[in-house]
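Peer 1: Quick one: structure below, then a few questions.
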Amino acid sequence: MSRLRIALPPLTELARETTVAFARLDRAGRVTESGHSTLSALATGQKTSGVECYLHPLDSVLTVIDLPPLSGSRLKAAVICAAQGLMLGNSDQMHIAHSARDAQGHVQVGWLPKESLDRLTGLLSQMRLPLRGLYPAPFGLPVPVAGQISAGLLEEHWLLRHGLDHAVVQPCTEDRLDERLVSGGELCWIGHDGAADAQTLSAEQALSGVAPGWSLHAGLVRTASQASSWTSALVCCVLAVAVWTLGLNLYAAREAAQGQALKAGMSQRVKQAFPELPVILNPLQQARQQLAARQGGAGSDPGQRFTQLMQQAAEGMPFMAGSVQSLMFSGDKLQLQMLDETPQMPVDSTWQDSLKQVGLSVSRQERLWTLSPLAESTSAESDEAQGDDHE
């Protein structure tokens, strides 16, 4: 996949349909295509691994400062302090970038307005052109061999490249290049505007140079990566909270279902034990109230009590169906006289326990069965036991 290089016009004039000079480089760094095209055409054309932009000389400032050996963070702080002293405007509105310190102690420094940088990156992002590098204009020139300086002329600005990370932009106030900028080096001129005695290369090489080891958008890359890492962390936190909330809701739903099932079971049992209750709202409380009423015998309607005992006897002692000769209800007791031809049934603990669960006790004397409240039956049995003791 090729790399796309663009020589930008002044950023105030840049738009989607602005015509720009461009060059495409293969993986080996050789120019495979060059010319002029609009940004929109480049964005929709051949796919590229990224775009390298070279600023117009009017949009950035490039200089060199000398610094002692410093660590990364201290070097950055020293560069910012030195650059602030060279700026005419508000330094907070400028984006500053710098190269590494070379063996001679030189550090290349460049800056441009943050507003212009944001506008450029926003436009490229909208056009889906990933910004791979942003450099001052002279860094598009070829890296010169030892003893040479790559030079070019761009809209009344001299462009000089001394090495991989060292370049100079100088306004063109005279027809000839200032000898002090050349420093005795041999010029290698890019284009056809150079001196007659200078070595020249074609204008197609104006965007063929090796990119420097630093970029004017380096700080933006770090900021974006930091934001991306924070975004990933926040996404993970949101997912964790969502999973925890989902698990909590599932657990709460399961517990609620179990509670409803338990309440339904209790209501069913209370309904079976106390069929006279028309509606079961609070099974436990209503069961306690009914048991207290049965055991105390207070406030019971005799007709209702008779109906209850008859229903409980029919449900708990189904063998009596069609075998009752007579019955007698007195107080809270129901006595059932069985027919003479009815077989004697033993007192089975199974159905006796079912009657105890509804607060009733059953006893038998010959063919006479007696149903009574459990507390009363217990006291009667106790009285009989005491009478036996006195005898």
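Including glycine, each Cβ sits where the backbone N, Cα and C put it.
Any TrEMBL annotation is an automated prediction that lacks curation.
Straight out of TrEMBL:
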{"type": "COMPBIAS", "residues": "381-391", "note": "compositional bias 'Acidic residues'"}
{"type": "DOMAIN", "residues": "226-338", "note": "domain 'GspL periplasmic'"}
{"type": "REGION", "residues": "371-391", "note": "region 'Disordered'"}
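Structural setting of the listed features?
Peer 2: Across the domain 'GspL periplasmic' (226-338), the model assigns an average pLDDT of 78.
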Peer 1: Summarise the domain 'GspL periplasmic' (226-338) by DSSP state, stating how many residues are helix, strand and coil.
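Peer 2: Residue counts for the domain 'GspL periplasmic' (226-338) by secondary structure: 80 helix, 13 strand, 20 coil.
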